[in-house]
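Look at TrEMBL and you will find 14-361 tagged as domain 'AMP-dependent synthetase/ligase'. Among the features that TrEMBL reports, ATP binding site is placed at Thr153, Ser154, Asn293, Thr294, Tyr295, Gly296, Pro297, Thr298, Asp384, Tyr396, Lys397, Gly398, Arg399, Lys495. What TrEMBL records for Asp198, Val302, Lys495 is D-alanine binding site. As annotated by TrEMBL, domain 'AMP-binding enzyme C-terminal' applies to 422-495.
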Amino acid sequence: MKKSIIEKIDGYAMTEPNRVAYEYLGKINTYKELKEYSDALATYIDSMGLAEKTPIIVYGGQTFEMVATFLGVVKSGHAYIPVDTNSPGERLTIINQIAEPAACIAVEKMPLSLADIPVIEPEKLKMIFSNSVEEPSKDKWVAGSDIFYIIFTSGTTGVPKGVQISHDNLASFLDWMQKDFGIEDKCNFLSQPPYSFDLSVMDLYPALTRGGRLVALPKAVTDNFKELFAVLPTLALNVWVSTPSFIDICLLEPHFDEEHYPSLSHFLFCGEELTHKTADTLHSRFPHAHIFNTYGPTETTVAVSQVEITSQVLADYKRLPIGSPKKDTVIRVVDDKLHDVQEGQDGEIIISGPSVSKGYLNNPVKTNQAFVDLKEQVAYRTGDLGQLDSNGQLLYKGRIDFQIKLHGFRIELEEVDHHLDQVSLISQATTVPKYGKDHKVSQLIAYVTAKKNNFTSNFELTKAIKQELKNLMMPYMMPQRFVYLDTLPLTSNGKVDRKCLIKEVNK
């Protein structure tokens with residue numbers, strides 16, 4: 001019988017209790033501590049008398065205590081909803097309203113209070129972690145089709161969607177990670193993406209279920225290039241997990257190469273398109289490393305296809321492929337009637353298999369739109385354009401709708417519009433992506449008709465608008481440029497003509 005995810009992680013606490021599970025800028029925590037903390041929290045949650053299997057919000061940053069809390073929550077039979085400290089208060093409030101959680105655990109101090117649910121504050125959590133308890137019953141552990149975690153992604157109407165990922169969804173992903181990437185047990189994984197971003201799952205559980213070490217690189221460091229380039233060489237990394245955008249930053253440092261990072265053997269990229277230029281540069285810096293391009297939406301548990309970017313792949317493709325699917329998964333490219341298109345033709349990428357989510361939390365309408373029955377299996381409509389080539393490789397061709405990826409973050413343009421509409425200085429606004437030569441979104445541009453104001457320059461107006469937006473949206477959603485017009489162009493239906501503006505900005 002296969003071991004559960006929790007059993008695998010706890011196993012290292014029993015056999016190698018002093019093995020390091022987590023490293024945060026020199027501070028280390030062991031698998032023994034991970035088990036003790038999570039057992040103590042699970043016991044406490046069990047005593048709260050919460051409704052069974054209802055989710056629990058976990059608020060915090062990239063810390064060992066955050067990971068211990070995730071495990072404590074799933075050991076108590078609940079799914080966790082990670083919310084990052086960089087999230088605006090409004091997002092936390094909306095997630096609370098949609099998810100109807102049983103409780104909230106504040107690993108770090110929250111910017112606002114949540115009504116109607118119990119909140120475990122940071123000081124209380126420290127006390128709980130220090131308790132010595134008997135091992136809680138395994139009967140309550142999240143298992144099988146139980147939901148393990150819920151990650152909220154961008155939504156079309158300004159309302160985020162909670163993607164439910166079960167234990168079995170995650171187990172399918174982890175099985176693939178173990179078999180198809182040639183990564184050995186007990187490796188040191190870079191842990192850079194925030195835990196509210198599902199790319200973090202690509203380092204979190206592949207490391208912990210195989211006795212590895214998570215090496216945290218918090219946002220405070222990555223935002224400061226001088227500090228980043230000072231810290232990176234001190235991290236003894238084996239496996240690198242990030243968006244391509246982050247590796248682009250690191251490649252600015254000329255000493256980021258095989259000579260200075262001899263233990264770095266694997267690079268795994270997901271979250272946005274890996275460009276030929278980036279992969280080529282990385283390949284020249286780390287000629288003996290294994291570089292993988294992976295693809296998959298949050299709704300299919302992190303990623304479902306991969307290809308190793310070798311010198312041959314770089315020679316054969318100007319725009320890199322996103323690989324072939326994992327063995328238990330079927331990827332189809334279909335037309336608008338969901339019929340398979342021929343090899344070499346563009347169509348929508350549709351994914352079915354055991355890592356496909358059962359849908360969005362408390363949102364049957366959006367679930368029914370995105371998850372369809374196809375050939376006796378539930379399939380997820382990605383909204384991505386793709387093509388299968390003669391080598392059986394999947395090629396990514398862009399977004400069908402107005403959902404984009406910027407620096408690895410998925411953004412619904414309509415959600416950004418929604419937040420812009422809430423700004424007191426704005427009469428009307430819409431956002432459009434500007435694409436670079438590498439086919440990736442390089443900027444988000446807001447077209448705005450402003451209300452009457454007393455600002456003497458557009459610079460001052462933009463500064464004031466951004467100040468308001470900081471309280472409404474995630475930092476990665478903030479438009480980089482603001483263009484002011486007397487009126488926005490309209491379609492024949494009287495709607496803002498976003499396509500016209502996209503053409504204008506990408507001439």
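Cβ atoms here come from the backbone N, Cα and C positions, even for glycine.
Structural mapping of features recorded in TrEMBL.
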| residue | record | DSSP (3 states) |
| --- | --- | --- |
| Thr153 | ATP binding site | strand |
| Asp198 | D-alanine binding site | helix |
| Asn293 | ATP binding site | strand |
| Val302 | D-alanine binding site | coil |
| Asp384 | ATP binding site | strand |
| Lys397 | ATP binding site | strand |
* About how far apart, in whole Å, are the alpha carbons (Cα) of Asn293 (ATP binding site) and Val302 (D-alanine binding site)? -> 13
* Inter-residue Cα distance where the pair is Pro297 (ATP binding site) and Asp198 (D-alanine binding site), in Å -> 9
* Asked: When you tally the Cβ atoms that lie within 10 Å of each candidate's Cβ, which of the binding-site residues (Thr153, Val302, Lys397) has the highest tally?
  -> Val302
* **Chain-internal residues, separated by at least six, CB under 8 A from Tyr295 (ATP binding site)** => Cys270, Ala303, Val304, Ser305, Gln306, Ile322, Gly323, Leu394, Tyr396
* Roughly how many Å separate the Cα of Asp384 (ATP binding site) from that of Val302 (D-alanine binding site), to the nearest whole number? -> 15
* Of Asp198, Asp384 (the binding-site residues), the residue whose Cβ has the fewest other Cβ atoms within 10 Å -> Asp384
* List the helix, strand and coil residue totals of the domain 'AMP-binding enzyme C-terminal' (422-495) as derived from DSSP. => 15 helix, 25 strand, 34 coil
* Arithmetic mean of per-residue pLDDT over the domain 'AMP-dependent synthetase/ligase' (14-361) -> 96
